[in-house]
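So that you can see what the record holds, here are the features copied from Swiss-Prot:
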SIGNAL    1-21  signal peptide
TOPO_DOM  22-30  topological domain 'Periplasmic'
TOPO_DOM  46-58  topological domain 'Extracellular'
TOPO_DOM  71-74  topological domain 'Periplasmic'
TOPO_DOM  123-155  topological domain 'Extracellular'
TOPO_DOM  165-171  topological domain 'Periplasmic'
TOPO_DOM  179-198  topological domain 'Extracellular'
TOPO_DOM  220-243  topological domain 'Extracellular'
TOPO_DOM  253-258  topological domain 'Periplasmic'
TOPO_DOM  269-296  topological domain 'Extracellular'
TOPO_DOM  320-335  topological domain 'Extracellular'
TOPO_DOM  347-351  topological domain 'Periplasmic'
TOPO_DOM  362-372  topological domain 'Extracellular'
TRANSMEM  31-45  transmembrane segment
TRANSMEM  59-70  transmembrane segment
TRANSMEM  75-86  transmembrane segment
TRANSMEM  113-122  transmembrane segment
TRANSMEM  156-164  transmembrane segment
TRANSMEM  210-219  transmembrane segment
TRANSMEM  244-252  transmembrane segment
TRANSMEM  259-268  transmembrane segment
TRANSMEM  297-307  transmembrane segment
TRANSMEM  311-319  transmembrane segment
TRANSMEM  352-361  transmembrane segment
TRANSMEM  373-383  transmembrane segment
Amino acid sequence: MKRNILAVLIPALLAAGAANAAEIYNKDGNKLDLYGKVKAMRYLSDADSNASNNADKSYTRIGFKGQTLINDQLTGYGQWEYNFSLSNSESSSDAQSGNKTRLGFAGLKLKDYGSVDYGRNYGVIYDVEAFTDMMPEFGATGYTRTDTYMLTRGNSMLTWRNSDFFGLVDGLKIALQYQGKNEGSGTRATNVSNGDGYGASLSYKIVEGLTINGAMSSSNRLNANSASSTTSQKMAAYGSGGRAEAWATGLKYDANGVYLAGTYAETRNTNPFSGASYTFAGNSTATAVSGYANKVQNTELVAQYQFDSGLRPSLAYVQTKAKDIENGIGDADLSKFVDVAATYYFNKNMSAFVDYKVNLLSDSNKLHLNTDDIVAVGLVYQF
């Protein structure tokens, strides 16, 4: 009986991102839930040059969700979530590294008309990415990146969401989003800044277990005060242009213990290069390449099965390719890997996992990007 219950509960936990939250208060239409998790994790790799791929990656997250019933039609709500790194020293300069607010927003929900909230939240492009962000550790590591326009979590998100299309169409969900300007400054880097933008997503449950969705976004890019090619998004030496755009579509099947999903996305002038360099003709050493990809194509596939015993094996493929990079570089993979993983759920609160990222980038890849295979091993307690 316990195993059958696990088979039902675990997919729900994966979709919700947390186990059953602890109810702190529930009285007179006011409710407050506390949730969190501790992830004790280690990366293992034979990396010689990138120590971060062979290191402690443990962290804890804690958050709350609250709501208040204003009247029989209107409900107020809010959510906050914070991440604490567990791999830092207590007193050195790294003590606060990795500690950050992940989510923080408040809003109103008007029955069949949907909800409106504002704050630090997920961008609508992540509505699609969530279909394949299912691996124990290495999910959402292709083209999505925090504080990069509306790809995933970011600041100044004004979001309207509606389920079942005003109560008229079961399974049809829509979202409209506006992101306010977050300009680079002395403390905020250019590659995590954005101009104002808008986006939308649409999701439809075709039949029980089968869902299709799509999303798009378009944002203004910024000029830094110095308006130079190294600090301006619009004038970047690589990936210049006035707007950052993205679209994505996905399909998933989630029923009877089987989870299958695929997503495809394209971006324009959105994704910054990270750790890239290129050996130009006539040079014997590589030169750093800094800027943005003119175009990115991203493909992700995930297959998982939930056994009654609590075991959940996973197989995934991710490829992120930059197109038409300037100065003769052309097309180049930014990420390409197969992910082989397994999670064992002892119960709804405790699990263990191993996640093996098989890096498919060749040692001779154009942008000299990291080619290490990585194994993540960990224990997770969540509530």
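Note that Cβ sites are derived from N, Cα and C of the backbone, with glycine treated the same way.
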* Structure fact -> Taken over the topological domain 'Extracellular' (320-335), the predicted model's pLDDT averages 93
* Structure fact -> Near the topological domain 'Extracellular' (269-296) in space but 6 or more residues beyond its ends, with Cβ under 8 Å, are 143, 145, 148-149, 151, 191, 221, 230, 233, 236-241, 243-246, 320-329, 334, 366-370
* **Residues from the same chain, set at least six apart from the ends of the topological domain 'Periplasmic' (71-74), whose C-beta lies under 8 A from its own** => 108-111
* Other than its close neighbours in sequence, what residues sit by the topological domain 'Extracellular' (320-335), given a CB gap under 8 Å and a spacing of at least six beyond its ends? -> 141-143, 237-239, 271, 273, 276, 278, 280-281, 289, 293-298, 361, 365-367, 369
* Name the range, of those listed as 59-70, 75-86, 156-164, 297-307, 352-361, that has the largest tally of Cβ pairs under 8 Å with the transmembrane segment (113-122). => 156-164
* Touch test for the transmembrane segment (259-268) and the transmembrane segment (210-219), at least 3 Cβ pairs under 8 Å -> no
* Structure fact -> Residues outside the topological domain 'Extracellular' (179-198) whose C-beta sits under 8 Å from one of its C-beta atoms, at least 6 past its ends, are 123, 146-150, 154-158, 217-222, 224, 231-233, 244, 272
* Structure fact -> Beyond a gap of at least 6 residues from its ends, the CB atoms lying under 8 Å from the topological domain 'Periplasmic' (165-171) belong to 112-114, 204-206, 211
